[in-house]
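Colleague: The structure follows.
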Amino acid sequence: MRVIAFVGLPLSGKTTASKVAEEMGIPVVCMGDVVREEAKKRNLPLTDEVLGKIANELREKEGMDAIAKRCIPLIREKGKDVGVVVVDGIRGIAEVEAFKKAFDDFILIAVEAPLEVRFQRALKRKRSDDVKNIEELKERDRRELSWNLAKALEIADFTIENTSSLDEFREKVRDLLEQLAKKVEVEIETKVNPTEDVDKVVQAVKNLFPDADITIEGDTLRAKAWDLRKFRDLLRRQRILDTARTELLKGKSNNETTVFLNKQTAYIGKVNFTDEDAILSPIRVTFKLYGIPFGKFLDYLAPPTKAGKPIREVDRLI
Ligand SMILES: Nc1ncnc2c1ncn2[C@@H]1O[C@H](COP(=O)(O)OP(=O)(O)OP(=O)(O)O)[C@@H](O)[C@H]1O
């Protein structure tokens, strides 16, 4: 399993980066949530002071990697089907070491932004535990650096600067995660004909790819999705693995493949392969592979069968 972690000073943009991962269908484990959970269990308010105290206490009692250790089973659980997990909130080198020991494929990404920029963001965000003045932020920086955050930042495999716009930052994160998550991006396109109900076409796409991020421009629906599980499951339930395999091979070009699906059957939650020039325009689906061999992708979605049953199952892409 590949574990990707973001590390950075307070307000550098770690949570924003994790949200991008989530939108891409990558499960996220938030280390701060482990501390927040502990505060809730003790009926304490979720202020910076309380959370800081609890984090310190856990580290004193159980070691500097206490929070990381509590996250390891959560990471295993969340990543078991997907093969990749993002961890948000590493605060020290001991935590990096704990994760490296637990996961042999561990990648650390530093998120960096100067103090003043981060302070301006705190003023805008106003979370209950956010700093009220720049001195408080300096104090938080000091506290976190005392946990050897500096060392973790130093040994990071990648660094993303978060000094410009939110959109630019999100784009940088997405680009890097696309490379690292070794996943498949699904590009979907179809025409919404004048006789068709837009909502129904949207539903048809969502039935096959529930995480599809849909935009409609004029008469064209376009979407991006990452989660292949529903589509994969439908191929099995409908027992159309051989057809699917043939179609996926037919549409292959370099590291992507395109298939055409019937819109009407998609609307009732079924996969039905069709031709590019089918009436009422089909749903064009392109699977773009990042770092995954085509054969593995093919075996994951539609393995070869014998007497209608898969010869072997590839349960994960990574
Ligand atoms: N490039 C940016 N431009 C404008 N605002 C941003 C940018 N990056 C992050 N922000 C905003 O700054 C705030 C802090 O970002 P975020 O919560 O992602 O940081 P964090 O590193 O997770 O913080 P913390 O360590 O305090 O949990 C958020 O309100 C976020 O929307």
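Residue numbers in this text run from 1 along the chain shown.
Using N, Cα and C of the backbone, Cβ positions are placed for all residues, glycine too.
According to TrEMBL, the ATP binding site annotation covers Gly8, Leu9, Pro10, Leu11, Ser12, Gly13, Lys14, Thr15.
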Colleague: Drop a 10 Å sphere on every Cβ of the binding-site residues Ser12, Thr15 and tell me which sphere holds the fewest other Cβ atoms.
Modeller: Thr15
Colleague: Near Leu9 (ATP binding site), which residues of its chain come within a Cβ-Cβ distance under 8 Å, counting only those 6 or more away in sequence?
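Modeller: In sequence order, Glu112, Ala113, Arg118, Asp141, Glu144, Leu145, Leu149 meet the Cβ cut-off.
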Colleague: Among Leu9, Pro10, Thr15, which binding-site residues lie by ligand 1, judged by Cβ under 6 Å to any atom?
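Modeller: Within range of ligand 1: Pro10, Thr15.
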Colleague: Applying the rule Cβ within 8 Å of the centroid of the Cβ atoms of Gly8, Leu9, Pro10, Leu11, Ser12, Gly13, Lys14, Thr15, what extra residues of the same chain belong around the ATP site?
Modeller: Val111, Ala113, Arg118, Asn162
Colleague: Which ones in the same chain are close to Gly8 (ATP binding site), with CB under 8 Å and 6+ residues apart in sequence?
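Modeller: In sequence order, the residues whose Cβ lies under 8 Å from that of Gly8 (ATP binding site) (at least 6 apart) are Lys14, Ala110, Val111, Glu112, Ala113, Leu153, Asn162.
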Colleague: For Leu11 (ATP binding site), just count the other CB atoms lying within 10 A of its CB, please.
Modeller: 26
Colleague: Identify, among the binding-site residues Pro10, Gly13, the residue whose Cβ has the fewest other Cβ atoms within 10 Å in this structure.
Modeller: Pro10
Colleague: If H, G and I count as helix, E and B as strand, and all else as coil, what does DSSP give for Leu9 (ATP binding site)?
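Modeller: Going by the DSSP assignment, Leu9 (ATP binding site) belongs to neither helix nor strand, so it counts as coil.
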Colleague: Give the number of CB atoms, excluding that of Lys14 (ATP binding site) itself, located within 10 Å of its CB.
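Modeller: Its Cβ shell of radius 10 Å holds 26 other Cβ atoms.
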